[in-house]
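Undergrad: Take this structure first; my questions come after.
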Amino acid sequence: MKRPSGRAADQLRSIRITRNYTKHAEGSVLVEFGDTKVICTASIETGVPRFLKGQGQGWLTAEYGMLPRATGERNQREAARGKQGGRTLEIQRLIGRSLRAALDMSKLGENTLYIDCDVIQADGGTRTASITGAMVAVIDALKVLKKRGGLKGGDPVKQMIAAVSVGIYQGEPVLDLDYLEDSAAETDLNVVMTDAGGFIEVQGTAEGAPFHADELNAMLALAHDGVRQLFELQRAALAD
């Protein structure tokens, strides 16, 4: 089996995490997984949704979108269509769920973190890149909130999270699929993990033949190794 990119089966694409990418957001990151590029911002607003008012805890919610020409052919903006597509809703819910699992909401105070992930170029793995980049943006935003005196109960970050795709391509498990691989893969998994090795979410679909337990275990092992490398890159970015 030869991957279109020439990478080894267990090799990530070139990953870059650039902090403070935009001027106004409390936290902002440009995250690049190969040719996939996503701007992730974390904005802080005082107040929480109605169902949380008076409970002394915060909230995090996420939105996801793609520029019209992030892909090979132009797609109409969802705003122009008047509604978000099912894929968009699924991905932004995944991003929100994953990031909430990283935080202790009781330490946020009654503040809301708004996460915006905007894909400026897509070449596979946009949701996993979004989660990985947004985690760094969240940490930067929380530093700003702390300086403002908005954190009363210590650091809300319980654990780091990152995400990566794995799949079965030409009969073999591979890590971090690009678009060419993703579109031809027999199986595609998106895996969100903590830096302690726990799983937050595993999304998997067999596009062709069903996959078996040994293949699933092989893919999860690849994901574990890939996410470990992503945590190292996140920490290196935060140390700059």
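Cβ coordinates come from backbone N, Cα and C, glycine included.
What you are looking at is a predicted structure, and each value in this text was computed from that prediction instead of being measured.
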Undergrad: Looking at Swiss-Prot, which one out of ARG87, ARG100, ARG148 binds phosphate in the same site as GLY125, THR126, ARG127?
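TA: Candidate in the recorded phosphate site: ARG87.
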Undergrad: DSSP on ARG87 (phosphate binding site), three-state: which is it?
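TA: Reduced to three states, the DSSP call for ARG87 (phosphate binding site) is helix.
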